[in-house]
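Here is the structure we will look at.
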């Protein structure tokens, strides 16, 4: 594996796409300081995955992108590509099969960094994996930059161990150990989290158990509280209805009293209206008299104002006449002055017009001469520009031909080198095995068919499993439902049986029965079976006889006369069977509704029930009671008894109430339990079958999935083998064809380049002669053009001066004309104003003659007499109005008193209405609450006892609420959460065990990796130490050196260098000179190379601190090691340059831009010498 070429674009100073070959084993890079040589080393380190900008001599990673120069803009991306010849297959991983490997990295300004391998997107990790164990990497010992030699020899022991590990090739072991430690760390963290969760879950389970108890108590309290609250609502609703009725009656009484008071008010209002009409009439008369007085006063005022106006008008007209005479004299004087100024202005305009005409003629003459001069100037300039363009074209042609010659030389050299490489590569190509490829394809087809079959079976199994799972869940749900149903029926049956048992064994009568040993006797009700619905009717008729005890002879009951039972008790003895009594008419007897198996018992019931008949309801019984025989009775389903002369309403008042109904229900429930048990057994059998089918399908799915995975893995493996061989065959065919075509193309290109170079030399000579002729002619034309340009400039200046003089003259003439027009307008205005003032003067004199005061004084005396008469009439009208106003005020006060008496009544009615409305709203509120709760009010009323008070119910609700509040926060989902938490704890316990096993497995793997790494490192240390001891004397001409381990454990111990040149006994290497340190570091690096030679090595001015003798020894050692390792070195030393097989020159002719140039070996040596 060797480096064959490097491509750079936009990386640091290599802004243009640059591609240079690395053909030999010793390639030197030369050039002046600062031209960008070290950027090549940075580029290689960068593309191998370097992520620290400081290692690339920058502050941020964007610094590797070209940042612009004085003539170029900054670049937007940087790209570096390394092309390796992998014909020996040394590359690691899947890329080892490729003969050529191209590693590429691209970085853009937005920070996006991309890696590619053979133009396929890859990760940074993938690129590093290729070079694991080869000594290559962003900071490996195979890339030695400026100052790195000193850092190696002066590195800390722990840092120096890193180079030893790279030489040993344990990078992959360390990577595996790091990944294993990461997984171990993650597993331990997961185990810790699981254990924390388990502990937390255990505490949570205890809380949930306590919460479940509280939730059950909470439900009981809530149910009791809801019942008490609804009873309270119903009681409040009834009280609100009663209060509403009381308030309605009070409102009616108050309304009657209000109507009486209102009638009195209407009488007072009628009297008030009569007085108000009279008052309106008197008020109108008074207002008429006052209006007449106002008119008389107005006439007096008008005449007085008229007299005052006449006097003021006479004075005003006299003043106006005097002012108009003065204005008339002023306008006449202004017209005379303007006429004199007009004559002077006309003379000035004539002079200005004459001067303007002369100046315009001079300016026109100068402008007419300019076009000819300008045309000559433009012709001369065009000719001069054409000459300049031809010179520039000729110079460009010369440069182009020179570049063509250099390019042709470079192309010829590169083509010849590539021709030789292609010949060598063609001879080393190996044809792939066709038979093996065909065999792999047949195996692949066979396994793909097997995979398709397995995938089909897997799809069928995956499709069937959800269906079976649904069937299984449905079966289990049915089992649960049937079990719940049977449990419910059994619980109901047990409750009824217990109730029946309690009825028999509890109460006042039982101790008496036990005392007389009668407790074992059968009760009557156990032998009776009544038609459904008539149980209560039979109980109402038989009453205490329903629990009668059967005895063989009634005579011995006489013994209980002295020791009577504490409650009613009946005995019966079955007589001889008799015929039942016939029912009169259409009456239905009760006895046929009772099913009795015992004939003797039937005779007893015939005696007790012979005259008892049934009716559907109480109304029917009452209607037909006269049809009853003597001593007969009707009984209805509700238990009410109707005789010919009375009605007995039934109520449960004994312990035996409802025993027949309960017995009937017990019998029905017993049958239902047996039927439900059969259904439950059937559901359990179906669930077992469904569970077995699901388990079988699940196992089959697991087996089919495993088969499909094995088939998939085998198919993938065969696909990779086929792909490798196919790609190898394609690469062989493609590369063979490509080499043949390239060789033909290169031969043609070589001939073409030679012909182009000869043609370029001829063109260069021709263009050189043309350039000399053009430059001579250009100098002559340049002088003639400068003279013409000066003449044209002077002519333009003189024309501009003449034009300015003409412009000034025209402006003076226009000013004179404007002055004349203005004076004419002033004269016309003065005449017009004088005429207008004369007309106004005539009008004012005529107005003065029309003014007369005597007529106005006579009219004023008459108006004063009329006003006095109007004042007397107004006084009489005002006296009449004041009298009516006093009467109207008295009547209005009476009306107000009546209205004030009405207001308390209205307030009382309003208050009563508010109370009635409040009662109605309260009732509606409680009715709405009952409706919202969907309460059956009829059933609720039966629970409402007469002695229940709202305070009692409110106290009960408060007590229950306090009990609920005392429970604190209640988790209603505690029961469900408890089941879920228990199930989760079982799962977490299993997961904790799995994680513990995984930790043990990972720890075993780490111990195995450490064991292998320790052995490999020890062997490497011994081997490097041996090579180091051999190479050090070769570079120094004697002396000794060795490596020392600073610790007992090689995995974490440091490495220290001990070096003593000939004749020195120094204790540490820090006492050596700079050159000695450099040689020591070089010996150490090359010792690592001999152990694990890297494909190539980059040296950046490593020989800088060495003198000529040491440089010679260094060069000899590098030359000897180049048999196994390719060296690319940067140097300014002539001795180092001489050992190179090829030289690559780096130049910076354009500031800030690096380019690659061909370098002659002798020129380079002379450059280094200078």
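Glycine is treated like the rest: Cβ placed from N, Cα and C.
Since this is a predicted model, take the numbers as computed values, not measurements.
From the options 945-982, 983-1020, 1021-1058, the stretch Swiss-Prot describes as coiled coil is 983-1020. If one looks beyond the coiled coil (983-1020) by at least 6 residues along the same chain, the residues whose Cβ comes under 8 Å of a Cβ in the stretch are 164-165, 167-170, 173-174, 176-177, 180-181, 183-184, 187-188, 190-191, 194-195, 197-198, 201-202, 205, 1050-1051, 1091-1092. Neighbour density for residue 36 (ATP binding site): within 10 A of its CB lie 24 other CB atoms from the protein chains shown. Tallying C-beta pairs under 8 angstroms between the coiled coil (664-944) and each of 169-215, 245-365, 401-508 places 245-365 first. Comparing Cβ neighbour counts within 10 Å across the binding-site residues 33, 38, 39, the minimum falls on 33. Using a 10 Å radius centred on the Cβ of residue 32 (ATP binding site) and all shown protein chains, the other Cβ atoms total 12.
In three-state terms derived from DSSP, residue 32 (ATP binding site) belongs to neither a helical nor a strand segment and is classed as coil. The Cβ of residue 35 (ATP binding site) has 13, 1146, 1147, 1148, 1154 as same-chain neighbours under 8 Å, each 6 or more residues away in sequence. In sequence order, 13, 31, 1146, 1148, 1154 are the same-chain residues whose CB sits within 8 A of the CB centroid of 32, 33, 34, 35, 36, 37, 38, 39, the residues recorded for ATP being left out.
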